[in-house]
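Enquirer: Annotated compositional bias 'Gly residues' per Swiss-Prot: 9-39, in sequence order. Feature annotation from Swiss-Prot assigns compositional bias 'Basic and acidic residues' to 297-307. Marked as compositional bias 'Acidic residues' by Swiss-Prot: 314-324. Among the features that Swiss-Prot reports, N-acetylalanine is placed at Ala2, with the record citing a large-scale study or a structure entry. What Swiss-Prot records for Ser6, Ser8, Ser113, Ser310, Ser316 is phosphoserine. Residues or ranges marked as omega-N-methylarginine by Swiss-Prot: Arg28, Arg164, Arg306. Residues or ranges marked as phosphothreonine in Swiss-Prot (evidence: a large-scale study or a structure entry): Thr43. The feature N6-acetyllysine is assigned by Swiss-Prot to Lys279. Annotation comment: Swiss-Prot describes 1-47, 297-324 as region 'Disordered'. The feature region 'DNA-binding' is assigned by Swiss-Prot to 37-263.
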Amino acid sequence: MADGDSGSERGGGGGGGGGPGGFQPAPRGGGGGGGGPGGEQETQELASKRLDIQNKRFYLDVKQNAKGRFLKIAEVGAGGSKSRLTLSMAVAAEFRDSLGDFIEHYAQLGPSSPEQLAAGAEEGGGPRRALKSEFLVRENRKYYLDLKENQRGRFLRIRQTVNRGGGGFGGGPGPGGLQSGQTIALPAQGLIEFRDALAKLIDDYGGDEDELAGGPGGGAGGPGGGLYGELPEGTSITVDSKRFFFDVGCNKYGVFLRVSEVKPSYRNAITVPFKAWGKFGGAFCRYADEMKEIQERQRDKLYERRGGGSGGGDESEGEEVDED
């Protein structure tokens, strides 16, 4: 996908006379919406949201099939051509958090200098190096997020690649779910609007994904309902320039904790299965206690070097006076 018109030459889709249509719950009957031949197997569209950003149209559709609940993001370009991304609801939540980081970074950027714009013109109007980049990896999919700039403005380019393997939530086309990379370009001015719309869909339709991921019997009425029907809420902490996100989720393998480390320049994450939480917690507590003892010993040695012994002599003299 070429970069033009704030990121894409395909961004000329009609601005939609009706404007943003708000959230539209869709009929829950079975029906299309899935990509490829497998997409018609009882895929339900639960909600749809349209956004008109500059001269582009974006659609966010929450869908559900036998593999779980997922989100499709479509950018409609000139002539009705579309670029689509498919995200599980868990990845959509990570994507929402990443958008928050890009929004903060974009807000801190100053206007482009004439020299920078001239350099972009000499390069044919193509995007310069990324102003900020992150990537997400989940199962057989990778998502690359790059905040870029060309003569038309700044934009967030989001590219999805799918490795060969089992088909994903959307039932991707091709043998074994193989699918060429898809890219959308979101004008930077619409980042907040896009993030807020995504967050609303996640709040409204992401809560049951844990039950869906558990498969048959994992719902509230099944034997696993107590485990998959309710999970702890996610949280985050900030340390210096880093942010750590703690998100509890579940899939067919069980409950897990995803710990994401986010800095302005990169994002990394680990997944800890539920059965290892106690060991991880014990290890953290043990190291915290050991470091506390080490710090206390170091403080004691420092006091001694600064003449702590003289204080002891004063106490001795004081005791002798009292005895007299």
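A Cβ is built for glycine as well, from the same backbone N, Cα and C atoms used for every other residue.
Because the structure is a prediction, the values reported are computed rather than measured.
Mind mapping these onto the model and telling me what they sit next to?
Expert: Counting every protein chain shown, 22 other Cβ atoms lie within 10 Å of the Cβ of Thr43 (phosphothreonine).
Around the Cβ of Lys279 (N6-acetyllysine), 10 further Cβ atoms fall within 10 Å across all displayed protein chains.
A sphere of 10 angstroms centred on the C-beta of Arg306 (omega-N-methylarginine) encloses 9 other C-beta atoms.
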Enquirer: I need the CA-to-CA distance for Arg306 (omega-N-methylarginine) versus Thr43 (phosphothreonine), whole Å please.
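Expert: On Cα coordinates alone, these residues lie 73 Å apart.
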Enquirer: At the Cα level, what's the spacing in Å between Thr43 (phosphothreonine) and Lys279 (N6-acetyllysine), rounded?
Expert: 40
Enquirer: Along the region 'DNA-binding' (37-263), what average pLDDT does this model show?
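Expert: Summing pLDDT over the region 'DNA-binding' (37-263) and dividing by its length gives 77.
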